[in-house]
Amino acid sequence: MALLVHFLACAFGIGSWVAVNGLWVELPLIVNALPEGWDLPSYLTVIIQLANVGPLLVTLMHKLYPGCLKEYIVIYSILSIGVLSCILLAFFWDRTTIFIGASRSTAFFIITFFLSLVDCTSSVTFLPFMMQLPAKYITTYYIGEGLSGFIPGVVALAQGVGMAKCVNSSETAGNHTGSLHTEYLPPNFSTEVFFFILAAMMCISLAAFVALNRLPRTYELSTENLVQDTVVSVSSYLDNSGADLDGGSVKSNGEAVAQGRHLVAKPSVYQLTFIYFLVVWVNSATNGLLPSVQTYSCMPYGNLAYHLSAALASVANPVACTLAMFIQNRSLVFLGLLAVVGTGFGSYNMAMAAMSPCPLLHGSAVGEAIIVLSWLFFTGTLSYVKVMVGVILRDRSHNALVWCGAATQMGSLVGSVIMFPLVNIYQFFKSGDFCNTECPL
């Protein structure tokens with residue numbers, strides 16, 4: 001029975017962010033088909049931030065009408081919306097309408113908003129539901145949450161991006177004098193199939209939740225008991241590991257809890273300020289600033305470079321989070337240096353975007369390899385930093401985690417709001433055709 005519950009908890013966790021992660025890794029194929037082109041990621045970052053109205057409403061309901069909002073009803077609703085949205089996306093993702101005199105991806109934007117609403121709201125509903133189960137299943141849920149980024153990335157790598165070739169735009173029989181443009185051959189399977197795969201994963205998550213919600217209530221624990229038992233077990237383990245010098249006697253649970261609270265030194269006010277600055281900056285870079293210009297950073301090197309950057313970065317995130325579970329370094333100096341290293345990779349990515357359509361090493365395999373590795377290390381290093389600052393704040397207090405969540409959303413919002421006008425209004429970044437762009441040597 002326990003193994004079954006572990007499987008269900010993992011499958012349930014997959015539904016948390018699989019839809020949005022799937023959209024990001026599929027963008028290398030979508031940007032070539034929709035009228036927004038290379039500007040599409042900047043729209044996506046803003047839409048995701050607007051979808052935070054979901055968790056805001058859930059939080060307000062809990063505050064204003066305690067006990068009235070049933071979490072299982074909300075979860076049933078959002079997972080059902082997620083399944084329906086993925087299916088609709090498979091049929092209507094490339095449908096456009098004329099808005100303010102230009103062709104717009106209206107259907108794609110509307111459906112993306114609902115998918116983002118599902119994933120954002122899962123952050124404030126899935127984990128509270130899992131808190132009803134014993135603590136060992138929480139870890140399995142987090143593994144599933146990590147797989148929500150890993151699996152779409154692997155599927156995208158299997159899908160491929162299709163080969164690109166340069167074609168004469170006015171090529172006719174006996175006439176080869178026109179300009180060149182890039183033509184993309186189809187990938188291993190279509191975008192529609194990819195979205196159906198996302199829908200299937202959402203169905204699996206919904207089925208897992210139905211099964212978890214029907215489990216015998218013998219598995220149910222209150223949040224207070226769960227937290228207390230966890231603290232006692234961890235504190236007792238630490239206490240036994242560093243036994244009493246006088247006699248090595250095992251202390252009572254109450255003493256273990258009291259000692260456990262003092263084993264990890266709480267950060268000072270200055271350290272807390274630095275930690276929250278890290279949270280704001282890292283999330284601003286990874287959720288707003290850089291994703292908005294990933295097309296401009298990668299597409300000049302070809303669609304394959306963009307495809308690998310998006311897919312491998314999606315895989316790097318859960319890998320870095322898993323690594324943080326086993327190799328923990330809470331040194332603020334180390335985390336600060338790691339953030340600087342990640343920012344260095346991000347700065348290179350931003351510089352290449354600003355130089356688009358003629359970035360450094362344009363048209364060379366070395367340039368392609370560097371931009372892919374730069375995105376990979378940018379995502380990996382800053383993902384590790386995000387996890388570790390969360391661990392530090394978790395050990396401080398519940399309020400510290402609440403403020404961490406607020407700082408995360410503020411950083412993501414600021415990054416998105418800054419980049420949207422730069423990309424779409426001031427057109428600071430320039431696009432170009434891979435085959436028709438002449439760059440100086």
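Including glycine, each Cβ sits where the backbone N, Cα and C put it.
Predicted automatically and left uncurated, TrEMBL annotations should be read as such.
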Item checked: Residues flagged as transmembrane segment in TrEMBL, choosing from 105-129, 230-254 -> 105-129
Notebook entry, point to check: Taking residues 6+ outside the transmembrane segment (306-327), which of them lie with a CB under 8 Å of any CB in it?
Noted result: 21, 24-25, 27-29, 31, 143, 146-150, 152-154, 156-157, 160-161, 294-295, 297-299, 371-372, 375-381, 383-384, 387-388, 391
Item checked: Stretch among 42-61, 141-161, 269-286, 332-350, 370-393 sharing the most Cβ pairs under 8 Å with the transmembrane segment (400-423) -> 269-286
Notebook entry, point to check: Are there at least 3 C-beta pairs under 8 angstroms linking the transmembrane segment (332-350) and the transmembrane segment (42-61), leaving out pairs fewer than 6 apart in sequence?
Noted result: no
